Structures are given as structure tokens and as C-alpha cells.
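The structure appears right after this line, and notes come after that.
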Amino acid sequence: MEHILSYIVFIPLVGALVVLLTPKAYQHLYKVLAIGFTGLSLLLTLYAVHMFDGGLVPQISGEANLQLVEKVEWFRLSLGSLGTFSVDYLLAADGLNISMLLLASIVLFIGAIVCWKIKEKQKAYFGLYLLLSTSVLGCFVALDFFLFYLFFEFMLLPMYFLVGLWGGPRREYAAIKFFIYTLVGSILILIVMIGLYNSVYDPVKTAELAGINGTELSIEEVQALVAEGRIEEGQLVKSFNMLYMANPANYIPGSLLERSGLSTLFGEPIRWMAFLAIFIGFAIKLPSFPFHTWLPDAHVEAPTPISVVLAGVLLKVGGYGLIRTAFAMFPDAAYHYAWLIGFLGMFSIIYGAMNALAQKDLKKLIAFSSVSHMGFVLLGLAAMTSEGISGAIYQMFSHGLISSMLFLIAGVLYDRTHNRTIEHYGGLAHQMPYYTVFVGIAFFASLGLPGFSGFIAELFVFIGAFKSSAVIGAIPAWMAIVSTLGLVLAAGYYLWTFQKMFLGKFWVKEKNWLPALKDLTIREYMVLVPLVVLIIAFGIYPGLLLNLINTGVESFVGHLTEWSK
Amino acid sequence: MIELDHLIAPEQSEYTLWVVALLTLPLLSGLISAFLKQQAPYGSSFLIGLNLVVAGFLALSLWDEPVSIRGSWFSLAGNDFTYSFFLDRLALAMSVIVNFVALLVHLFSIEYMREDPSKPRYFAYLGLFTFSMMGIVLFHNLLFMFIFWELVGLSSFLLIGFWFEKKSASLAANKAFILNRIGDLGFITGLMILYTQFQTLDLDAVKSLMAISEIEDGNWVVAFKKAGQEVMASLDGRWLSAAGIALFCGAVGKSAQFPLQVWLPDAMEGPTPVSALIHAATMVAAGVFMLARIFVLLDAQALEVVAIVGAVTAFMAAIAALSQFDIKKVLAYSTISQLGYMVLAMGVGAFSAGIFHLITHAFFKAGLFLSAGIIIHQLHHLEKGGQKFDPQDMRVMGGLRRKMPVTFFAFLLCSLALVGLPGFSGFLSKDAILLDLAVWADEKGGGFYIPEVLAFMTVVFTAFYTFRMILLVFFGEFRLAGILGRNQLENELHEGNGWLTVPAVIFALLSLSIPFGFTLNPEDSWLMQALPTPMYVVPVAYAAQSLLDIPHETFEVLHGLVNAVSIGLALAGLVLAYWVYRPGGKLQKSFIEKREPVGVFGQVSFYHWYLNALYEKIILKGILAKARGVAWFDRWIVDEAVNLLARLQVVIAYLTRWFDRVFVDGLVNLTAHSIGKVGQLTRSIQSGNIQAQILVTFIFLLTLILLLVL
Amino acid sequence: MIVLVASMQNPGGLAEQLQRLKEGLHFMLPEIGIVITIILLVVYDLLFQKNKSVGLAAILFSALSFLLVFQVLSFLPEANALPLFEGLVTHSAGANLFKIGFLLSLLVALLMAVTSRKDSLHYFDSSEVLVCLLGVLLGAFLLVMSSNLLMIYVAVELVSICSYLLTGLGKGKKKSEAAIKYLLYGAAASAVMLYGMSWLYGLTGSIDLNSDSFKIGLDYAVVVPLNIAVFMVLCGLLFKLGSFPLHVWAPDVYRATPLPTVAVFSVVPKLAALLVLLRLVAATSATHFDWQTWLGILSIGGMVVGNFSALWQDNAKRMLAYSSIAHAAFLLAGVSIMNRTGLEATVFYALAYLLMNLAAFYLIQMVENKVGSTSYEQLKGMGKKIPYVSVLLLIVMVALTGLPPTVGFNAKLYLFSAVYDEFGRSESTILLWVLLVGLLNTVVSLFYYIKIPYLLFFKEGEGNVAPGAYTIRALIPGTLLVLSVLLLFFRSDWFVDLLNSINFVL
Amino acid sequence: MLVLGALMFCSGLFVVLTKKNTIMVLIGIELMLNAANLNLVTFSRFDPQALQGQVFSLFVITVAAAEAAVALAIVVKVYKYFKTSDLDRVKSMKG
């Protein structure tokens, strides 16, 4: 099983091919195939998580203690004066991405189950869905920037079509908007990527190429040699390796993005601008105010399973990207802009909540609540404390589960009445008691009630954010305190929605909905119950997740504090 | 140097299983009632009874040597997040009381909810509530207290909104939850501060670390060892007070203190036994309990805030209780005001007095609610033939003592305890509070007499509204008959059965002072002695003066005076009430006819100082309006800005195209004009004209040359 | 002619000159091959009267494929450049690489012509179109080899004249109009170029770019006239490159001519001109002439004009015309880097562009065969009717936009990396602007590239499709092209290594 | 001589730009070419290696002839369709 990560990532791709090759006559099999293949990669993921040793302390700025590593040189180009640069096929897991991998597999599997509702153009749909799965999973385990970028970009097209072809009335607008937005983001990331691999070299391969190693040179020695300029640029092997990029010692002296580099642009250090660019790139995906406007449209228009995947996993790519690239590679700039990021986080929390408070469409409300909850991620990251970072990761994970559940329940109602307007319902509890129970669970979980995973996450984000000013001084304490307002607002919009739709006298706008308003079907239980179990499990025993990420987070914070000065 | 890891080292005890049982039995009772369907009441009541036994056993066996149990929940970034139980007398007493009240309420509910189809849900909620309440009581770790704190909020939300088809009920539930949430923000902030400073939320550890922390030139510094190496945590000293006040905010929400008390009256939408259990005896007391837990961490400033808030609440609520029609509303306001007393007690440092009052209040207020419940229940039975009336409105009652003697007896005893007449439990506890308050005020002097004044005025009002209630409910003639025009109605009314009366009577008996010691001096009550006031551990520079440091004589001196004044005031209240509301008195009549009290005072009182109006009409509306504004902003500004960019691009595209085609011609025509003086082609040079294109190209290139070369 | 020049150049004994010529000729085999093919075609055309098309096609394809194979076989990356015919032309590996590209594109174009319903007659009923196409090819061949002003001029003219004819041939107002405009524009441009050349000659006293006297002359030349002269020469090349600001002819011509020809136009002369431009730049880089700024500005202008004009098109063909302007601008950006890295990045981009563009035109042709037109109106909703081709088209559009996993991404990546690298070295702002505008334009270009899949898949169209499925024969080339576009993303190192091994002599 | 060449070039350009008649435009282009030729020939006087310029000019003349031939052919074609050789009237395509 040494290729387990590859299996996890590419099994859905195989599934996509199988679906494409299965003739239309058997199209009832497509959903089975989709479920089967995503389920398979979920099983493998579980196995991988089982094999993953949370005790090992990974080195954020190097390959030490990576787990489940698969490293093959993909190709190596020598571009004249650019020197050689090598692209690796590098998949690996450490404390920062294992949780995201787990989340992605779970949500994708559940999403696949929900796909049973799709009736038209099934072949294309399931093909694209599996394609999407591969790219998403790949995003989380690829530690080579080139590979990461490949997966990252490749998410766009399937998403574009899934929203644009199977979506709601304004689907095309939403799809284009999503596409353009994300493309802008990824262009910004591309700029920085170019800058990075032009400034970073791979000490190991450099040692090989420069032929210094009749005796095997240690990384440090090579770095020393380069620092003294005893290896000329032509002999350097530029690297796309995200881990090397995170290590300031691997930056070529005098290169634009060199850590001590004084090279400035329009008066600002280029490193800082690079950080801003990559930050915006991922903040769009996250999304954070003011780059969030694609989210409500995309969510509202997307079909239920796609909303689930979008909210459950795709947003997390943004957060993960921030951790893995922006923060890990530019700790100093991150520290310099921590205030801004924290403020954006705080603002998103409240801004999203305020928006949610005013929404009439259930899905829009959930979408804006996502904006609010992703704000917690930003806040936690900006804190740059272990509590904050853990909180951020935990928040991504739990929001992945909770928002999936929220969109599922929104979908349940929509399937029955094709209407999501909150005002059009009342007292549904009489008609659909069990549905009401699940909605209640989802709402309370999402507003951060203890016992559900969301609480742990938000608590740590707060604690971390507050602590930040005392230990590292990234963001002021008041940000944490102000952000707590988000909790009240969340309680507000959820409870009022709950009260409007489910409590009081039973009443719906259109009489002809009445027959449709049956309680949950067995299928819906099948997807909802596991989610509830997970949400509660991670709520009452955080160790499940923390034991995986603790060491990673710790060394990540160590990395930040070491280099942010 | 103190080692954090030792402070939070795991501890075991042979009682662990018992504690776990104590915690989980109620949850179990909740769960099973979901399956027992119609048998739910008996099953869950039985389990609660069992739990009471457990609590009793633990109390007996651990009363003198408290046990603490601790283990690691999970660890994050090298910090262990522990769970820990601490069964000291406070916890034990509370757990006994909670289970006791819970049991009686269960029994009461068996009858009270007999007709309700969704009984199982009801008992499930009750079980959930008892479980979370026990969590607050047993856990000795701020994080866990907060968790169960919120769970209590949830169960209260569920129980208030139990009859969810009533819009008012569901709204009241929301209100309760959200206002509690606001309080909890404070709680969380408190957690943040303490965690940041001490890196643990285990109360024992926090206390011992607080004990060794010092104030160095305005900074709150603590040095301890963690995992071997020294940690030197330092925060601005103001955070120390802030921590106390922040945590207190939690109590403000939960125990309905000013300014968040408005949810409690609405919470009366819930079934009456629930009001008895949650909104009188236990949950609302949780705030006070929590204050007791963190008592030693509060510094002078925090304590002052606590005291003032308590006094203000007590006074405001008492005023509000004066003019209500709804019997439950009266009780609710009186609850708020009594809670105000307890908080005030904590504020002035009268730890044991506060707890004492908490306990006595739990009994007599529960008794009052249950008796009121009986009345409501019985009156409810009179509703027939579409003759709707509000069985909680005192204006339909009157003269009930003839038909419901037992209830009357119970109600009377509890009321006397509430008023605080000698011989009743309420007297002892309230007296203790007032005494300490007086001493505190004397020590501090100046503006700190105001709380004292408020507290003593509250005594009058308490007596007044209590007797008003009694007179309106039990004396005079049965007004409902007149209203409905059914003269024989009174004969249809009869006493509630044993399920209902027995619990009420038990509470009534418990509100006599005998159970707490046959004395007029609270000092001698065994409970007071059992729960002595602890010393503050906050750094001396910030600590308040503890009452224990005040020579005992001071108390002796003031005691007689305070006694006399309070009794006198209480009696004054009674007399006043009788004078106004005596049967057949015309003030009573005029009052009863009125739809709502007149006069500024009446209005202010009836509308509870217009707090609701302030919150709902102004603040809430404001927020919602702002939300709509934000949404508009998002839709039309932020989003449009993006679309604008997209459009802008189209515009640029248009411009380039224009440049490519139109501008060419423009330029061409221009040049054509100039050249045209020589040549004769001014007429016709149009788009697609190759010469024009060549020309423009060349002009462009020449300009480039000029720009770049020269 | 060669004799003449040779004899002019050194009054040595005639014998060894002829000897040298013989050696030279042996390197000119491909060109000679083309000429022979032309003759064959004409002769065949004259001999046979009716249904010649088969024969013509046969001759042509056999000849072309033969040449292709020959080229590939005789392709030695490491081969040093050797000047032939007294430095009139230079035989170099780089040139050969491009020649292979040209042959490839001509083949594809003719395949298009074969499969195309409308145009196959027009192409194969008589030899003239084919001859012209071969003329263009020959011109391009010579152009990429030419290292001498005279040769450049002649080759450019050869390409141009054949292009004029290709545009003009066949019936139709549009054709003739486009042709005359193209011609006048081109003639003027080349006249200017020639004038510039004459001045260059005057200033340096040599027309051989590689000769020492040329270099020395440059150093002593007076700045301003020299710059003007160079710039005038540049004009001619820009015209062939179809690049801003000498691009105005492109859209009309593209619209007037059938797709296969457009495919040739949009690739062959462009790349030939590109190589010559690279050569010119290399030759005159030593002077005060600030290539970087000029090319930078031109490329920025080209990107903006090309992309934004493309947004407005309602016809796939014209859209591709404008996009080709934009791509030319990207190439210029590459040229403006002016170092080995830039050169390789540029060549990589050029060949990637060649692949993508051919694929695009081929697929558009296939769509046109089914739909009858390339207007957006007609494309609507074809995704369902012709799914396979539509998907291929989608991939190509993604490639043209420059997103992974297609060679378009690598091309852009390397190009921008090179620009970035040079910027890091020289800190010259113009490069930064090129970089930023380039990246921005990637976003812009998405708008019109994605429009085609958008129409294909999202829109419901009433356009009806010609009956009958595609023949495998028609599908294979398109598939192969698309596959290569994908493959070169995953193994772009093969390609780059090839480029590395080549020693470009400019 | 050079000045004359420059003058010829400019006048050629002017003709190209101003005359409406296609033929005239072509003549203008001829003028420009010849200007170049003039330059070439002139310069070749200072040419260390003899006569490159003159050869060049010979080629130019040849090419120009070819070009002219093609051009005239196309002009005829245009005339067939548009019944005019006036460039301003030759426009069926917009934009």
C-alpha cells in the first residue's frame, strides 16, 4: 500500500473513465459506480488515516517525517539561465492535510450518494463529478506546487459544468461568475508560483547536479554553499516543492523573493506583495469578504450534491492553501499583514452573519453563514497561535460536515416543493417531525452549540485569537472579543428561521405542496444520520481529529514563530 | 515554582462510578422516556428518584471529605484539556436539591401533563435538563461548566417552546436562548482571558495559579512551570477584573440579571412545572452557583459590579411584580428579584448567605409555582363550551381558599417564606444577606449605601406584591363566575389530587425555618456553617476586603437593627397590601376592572421599566434594519462592483475596438483634411479603407519612433 | 541567381565556388523537393483534363509526407549551423525544427481541405491553390534559413505574393477585395522594410547579418538613422507576424479565405517571421537599439488589442484571427526577453501555439462541416449533437486560454517565468508590465475562449446538423493533435530537452 | 542621391496614401521600391565587397515586377466585381 495516496486520488478518475465507457443503456449503474468509487477511495482514506502516525512531528519546511510519501521526479527542465527546475510527483500527508483529506473523502462520498436525484445527462454528470473528486482530493495531498496548481485549476472546469448544466434558473451566470472569480484568484497564485520556483532551489537535487557530492552532501551543507554563492545559478535545481519553498534557507541569494531580499516594487517589499497576491488568490476560494460574492450565487444555483461538495470541500481548499502556501512560505509577510487578515476574518464573521440575518432564501442564508464561518478560519490563522491554527483547521473540518448537512436538509425541502423561501413555510414540525429534528440538530450544530464539532472549533479560534496578542502579538485581543458577536447573530438567524419555518401553526404558501411534504425518506436518513453521528462524535471527542493534527500544527506554529520575526 | 502538569494531574477515586451515575442517570431517564411512550412519566420519575438516592448517598459519604476526580479530555498543542469533578459540600448540596426538586416536579408533572399527547417529549426534555444541570453542578472545570451551561440553555429553549404551536411560546424560547447567548459571550471572553493567562481551565488549577499570581506595576503576572520549562505569563492588570466581570456576564444571562432579565417573564410560556423546576429553583440559580464557584477569583471591581447589578435587578423586578395580573408573571418577577438578592450577596462577599438564600428560595419558590400550577390546572378544567379565559390571570380568581384549602395552605407558607417573616426559611437567608450587605455598605460607605437602600426597599415591595397575590387569588369572591355568568361555577372547582398537592405541601414544609435550624439567627443555621465563606485568592492589590476580616462585633452591633428594620418593612408591606387589596376594598375593585394599571408608576411597573420595548422595538429592530442594509450593500455594492469589473472589461473591449476601427477613421479623416488641401480626397475615406489603415499604422509607428528614439 | 551573388562576393576561381555550391545544394534538398512538387503539380494539371483532384492530392500528400519524413530523419539537434551560398542562407537545427512544424501544419491544413465539404473542390479541382500553398511553404522555408537581408526580402516577398494569390483565388467580391487590400498593405509594408534594409546596408556596408562587417558597421553607425532603419525592417516582419500594429489586414483576410488557408496563414508565415525577427534582434542586439522597450510596448499593445477585439467577435474564425494577434503579441513578449532562456521559451510557445492553433482550426473545420458555418449562432447547442468534437474543442480552448492540463499552460508558464527571470535580473519595468498585462490578458482571453464551450454545451440551439457521423479518418488527426496538446503538458520536458539540445544560431 | 531617394520614398508614400486609384497606389509603391533601389545602388559605391547593393536592387526590380503582375491580376478581378478600381468604392466588408 505504499501508493495509497495515489490510489485515493486517482480511483475516482478511473471511475470517471468507467462511467464514460459504460453505455447509456446501463445508465442506472452510473450512480452505483460513482458511489462505489468514491466509497472505495473513502475506505482507502480511512486506512491511510489509520496508518497515519499522529506522533511524528513533521518538518513544515522540509521533507522530514512526511508520511505516506510518494515522490517520483515528474520532469526536469533546464531552461538555460533559469537553471534547471524539477517538477516532482509528490504526494504526502502530514498534520496539515490529513484531516482535509479525510473530510474530502467523506463529503465526496456523501455527495455521491445524494446524486441519485440527478436524472438528465447522467453520464456527463457522474463523469464530471468523479473528475471533480479526483482534483479535489489531489489538491489536498499534492505537495508539489506544480501538481497542486494542476489539481487546483482542474477543479474549475468540472465545477463550471456541474453548476452550469445541472443548476438552477440562473445557473449560467453563477457558473461563469464562479469560473472567472476563481480564475482571477488562480492567476494571482500563478504569479507567485512563478516567483517562488524562480527563487527556490532543491538542495538535494542541486547537490546531485552540481556534482559536489562525491561524498553525499547534507542539505545544510548545500545551503551553506549556495549562501556563499559557491554554486552558480546555472547549476541550481529550481524546485516546485512546497516544503522547500517554506524554508528560507532554500531561497537563492539575491532572488526576488529571498527572505532578506530588499527587492521592492512600488516601494513595498516584493515578498509582501507576493503574499498579498497569493492571499487574495485563496481568500477568493475561501471565501472571505470582499471576495465572497460568487458564493451565494453558486450555492443557490448549484444542485444539492454540488452545493454539498462546494461548501463541504472546495471552500476548504482555500483555507488549506492559505496554510500550506501563504502562511508557510511567507511567515514574515503573514505576520506583517496578520492584523489585516484577522480583521478580514472578524469582519467576515459579522458581515456574513448580518447578511444571513436578512436572507429570505434558505440556501442563501446557509451560504452567508458559510461566509461567516469561514471568517473563523481566517481569524484563527491570523492569530498564529497553536490554538488558533488548530481551531481554524478544526473549523474547516467541522464546517465541512455541518454545511454539507445544512445543504442536504435545504435540498430535502427543495426536492419536495421546489421552493426555498423561508416565509413560505410555517409549523413544518407538525408535518415533518423527524425532518424538523434533523434541521434542529443541523442549526444548533452550526450555531456552535457545545456537543457539536462546531463549538470546539470556534472556541479554539477565539481562545487562540485572544491569546495571540499575549504570546506572538499577531492580532489584538479585541478582535477575538468582537468576533464573539458572531455567535449571537448566528443564534439569531438560525433560531428565527427555525421558528418561522418549523414552529407555530402549520401553514404553507401553496396548497399543492401538501401532498409532497412527506417526512424523510430512507435515502435521506442514510446520508443525514452518518453526518449527525460524525458531527457529534467530533464534538464530544475532539481527540479524534486533534491527535492527527496536533504535531503538525505545533511544528507549523513553531515554523511561523521562528520565521515571522 | 508550581508545576502546571501536577495541578491538572489525573485523579481517581472509588466514587467515580457513583459520580458518573449521578451525572448520566437523568440523561438516561430522558432517553428512555422517548421509548416508553405513555409510560414515560413513571419511568423517568423513577430514574430521577434513583438519582436522588445516589445524590443523597454521595452527600452523606462525602460531606466531610470532598473528592475530586480528574482526567484528560484531549490535548492540544501540549495543553491538556481536562475534565474534573469536584464534590465539595456545595456541589453535593446542589445535586441533592436539584434532584429533589426535579423528582417532585416529575411527580407533579405526571398529573399535570396527563392529557398532553407529547408527554414523552416533555419528560425527555426534563431528563436532558436535569442532566445538563448536574453537569454544571458536578464539573469543576470552566470549559465543561460552559458546555453544560449552553446545554441547559438548550433544554430551557426546548421546554419553554414545548407547546411550539403557540407562536408566543416559540418566540419566548428564542428570546431566552438568544439573551442567554449574549451573556455567554461574556463567559467565553472570561475563558479566553483565564486560558491565555493560565493555559488551563481547570478550576482548581486556575485558583491555585491565581493565588500565586501577582500585580507588578499594573501587569497581572504569573510564573509557573509547564512541561519542565518556566512560563511567565503576563497580561495587563485590567484583564484580571475583566475576567471576573466577563464570567459574571454569563451569570447575568442565566440568572436573569439586569439588563438581560427580560427573558424570564416570557419564559413563563412553558408548562408551569417547568417554570417551577427551571425558572425558579435550579437553572436560574446556576448563575449564582457559578458565581459561587468563581467567587474567589473575583477582584474588588468585579464584586462591586456584581453587587450593584444584583441590587438594581432585585429592585426593578420587585417594582415590576407589583402590578402584574398574570400570577406566573408575578412569581417570575419575584424570582428575578430574589435572584437579585443572591447575586447581591455574592457581590458583597456574603458567600454562604447567598448560597443559603439560593437553597431556601429554591424550595419556597418551587412551592409557589407548583401551587400556582395547581390553581391554573384546576381552573383550566373549568374551560368548556368554547368559554375561553386565561387561567393564569388573577382577575378571574378570588376566594379560592374555600375550594382549595391545601393549595392555599402551601401557597401561604411559601409566600411567608418569600416575604421573609421570622419562622420561615426565607427570613433566615434574607436576613443574612441584608446583614452582610449592611456591614459591607458601612465599610465602603459613600455611594455604596445605594444598594443597601434598594435592597431594603425591595423588602417592602416583596411583602406587598406577595400579599396582593394572596388576597387577589384566595380571598374575596370567585370572580370568574361573575365574568362567565355561571354562578354555580365555584362548585365545579375543586382541589387538585395528590399528585399535585403532595409536592406542593412538601415544598411548603421545607420553607419553614426548622429544616435549617430552629433559630432566628442565620449564623446558627447548620447550612450557613456548613458552607463557610472562602477567602479571595486574587492578588492583594486587586482583592476586595473579605467580610471574614471584619471583626465579628460589627455584625453583632448591626444584627438587631437589620432584623428589626427588615421585619418592620415586611409588615409595612403587608399592611399596605391589605389596605389596598382587602376584599371589597374599592381600590381592589377599580383595579380589577382596569385593563392595565394607570399612572406613570403603574405603567413603568406593569411594563417592567419598558425594557422589552427598548430591546425589541429599538435595539432588535435596529439590528434587523442594519442587517437588511448590509444585505443591500452586499447585493448592490459589493456584488455590483464585481459585475462592474466584468462590464468594465467589455467597455475596454469596446474602446479597443473603437480604437481599432473608429478611431482609425477619425484620425484618417483628420489627416485627410490636412492633406486634403493638397490632394482632393477629403470626401471619402471610410472604414475598411486600406490606405487609411496604412496611414494610421505609419503614423503610429512614427510616433513610436519619435517617442523612443528621440 | 546564386551564381551571380557568389561571383560578386569573391572573385575567386569559379571551380571551387561551384564545388561549394554543390555541397550547399545537398542541404537544400527539402526546398528543391518542394520546387519539384510544384512542377509536378503544374505538369499534372496541364496533362490531365478532368477529375484531377485525386492525382493532385496524391502527388501533394506523398510529396509532403516524404518531405516531412525526410526532415525528421535528417534532423540533427546538435548540428552546428553552417552558412551556405556565401552566407546567403544558414542551415541550422532551429530552422529545421520550424520546417517540420511548417510541413506538419500544411499537412493538417490540406487534410482539413480534404475533409471540408465546401472547399475540397476549390482546393483540388486545379493545381493553383496547391501551388500557392507550396509557394508559401517554400518562402517560409527560405525565410527561416535566410541570414541575409536580400534573402529575407526575397523570401518575405515569396510568402507574401503567394498569400495574396491564395486570398484572391476563387470567386467572390470579398476575396478580391480582401486580396487587393492585403496586397497593397503588404506591398507598402515590404517597401518600407526594403527601404529600411537599404539604409541598413548603407550604414553597415553589408547585407549579411552574420558577416563581421555588418557587426562592425553597426557599432560605428549613427544612432538615429540606424534605429529608424531597423524599425522599418521590423515593420515588414511585424506585418508577416500579423502583429500589432500591422495586424489590421488579418481579420478581413481570415474572413475572406477558407479555413484551411487561414490555418496556414495563422501559423506558417507568423512563425517564419518570428524566427527571422529573433535573428534580426540577435544581430542588432549589440546596438543602442532598445529592442526590449519597443517589443514590450508592441506586445502589450498586441495583447490588449487582440484580446479585447476578440471579445467582440460573433464568429469562431474571426475570434481565432484576433486570438492569433494576441498570441503573436505573446511571442513578441518572448522575443523581448533577449536571452537564451527567453529564446527557448519563445520557441516553445511558438510550437505549442502551432499545435493548439492547428487543432483549433481543424476542429472548427469539422464543426463547420457539420453545421455549415462558424458563426456562434450556429454553434449553439452542438455539444449534444456532436459531443466528441465538442469535448476536443473544449480542451483546445482551455489550452489556448493557457490552463492546465494542456501545453498552453506550460507555454505561458515558461514564457512568464523567463520574463520574470529577466525582470529579476534587469529590473526593467517594461518587462514587469508585460508580465502583468500578460497575466491579466489570460483572464480576459478566458471570456472569449470559454464562450465556445459555453455555446456548445449551455445554449439550446435550433441549428440542425448535417446527417452522418464523422468518419474515423476525419477524427483521427484532430484527436492526435489534441492528445499531443495534452501529452506535452505532462511531458513537456521532452520538448524542452529537445530545445535545449538544439543550438540556435541566430 | 540619398536625398533624392528619400524624396522618392516620401512622394511614393504620399501617393500610396492619397491616390484613390489602385493603379496609382501601385505606382506609388513602385516609387518607394525604386527609392530603396536608388539607395542600394548609391551605397554600393562605398561597399568594401563590391556590388552587393546593385545585386540586391536587381532582385528588387524582379520581385517588384512579379508583385506588380499579381497586383494587376487582382485589380482586374476587383474591377470585375466592383466595376471600378477606386479604392474607396471597394468595400463590401465592414469592421
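Cβ atoms are placed via backbone N, Cα and C, with glycine included.
What TrEMBL says about a protein is an automatic prediction, not a curated fact.
Annotated features in TrEMBL:
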TRANSMEM  B:15-36  transmembrane segment
DOMAIN    B:73-123  domain 'NADH-Ubiquinone oxidoreductase (complex I) chain 5 N-terminal'
TRANSMEM  B:90-110  transmembrane segment
TRANSMEM  B:122-140  transmembrane segment
DOMAIN    B:141-436  domain 'NADH:quinone oxidoreductase/Mrp antiporter transmembrane'
TRANSMEM  B:146-164  transmembrane segment
TRANSMEM  B:176-198  transmembrane segment
TRANSMEM  B:276-296  transmembrane segment
TRANSMEM  B:302-323  transmembrane segment
TRANSMEM  B:330-356  transmembrane segment
TRANSMEM  B:404-428  transmembrane segment
TRANSMEM  B:448-475  transmembrane segment
TRANSMEM  B:557-581  transmembrane segment
TRANSMEM  B:690-709  transmembrane segment
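Between the transmembrane segment (B:302-323) and the transmembrane segment (B:448-475) there are 3 or more Cβ pairs closer than 8 Å, counting only residues 6 or more apart in sequence, so the two stretches are in contact. Through the fold, the transmembrane segment (B:276-296) approaches residues 90, 94, 97-98, 101-102, 105, 108, 126, 129, 133, 136-137, 140, 142, 145, 149, 152, 155-156, 159, 203, 207, 210, 244, 247-248, 250-257, 264, 267-268, 270, 306, 331-332, 335, 339, 342-343, 346, 351, 354-355, 358, 361-363, 365-366, 368-370, 373, 534-538 of its own chain, all at least 6 residues removed from its boundaries and within a Cβ separation under 8 Å. Among the listed stretches B:15-36, B:146-164, B:176-198, B:330-356, B:448-475, the one sharing the most Cβ pairs under 8 Å with the transmembrane segment (B:557-581) is B:448-475. For the transmembrane segment (B:15-36), the list of distant contacts is 42-48, 50-51, 54-55, 57-58, 61-62, 67, 69, 85, 87, 95, 102, 120-121, 123-131, 133-135, 138: same-chain residues at least six beyond its ends, Cβ to Cβ under 8 Å. Counted over residue pairs separated by six or more positions, the transmembrane segment (B:176-198) shares at least 3 Cβ pairs under 8 angstroms with the transmembrane segment (B:146-164), which defines the two as touching. Residues of the domain 'NADH-Ubiquinone oxidoreductase (complex I) chain 5 N-terminal' (B:73-123) grouped by DSSP class, helix first, strand second and coil last, total 29 helix, 13 strand, 9 coil.
A mean pLDDT of 90 is what the model gives for the domain 'NADH-Ubiquinone oxidoreductase (complex I) chain 5 N-terminal' (B:73-123).
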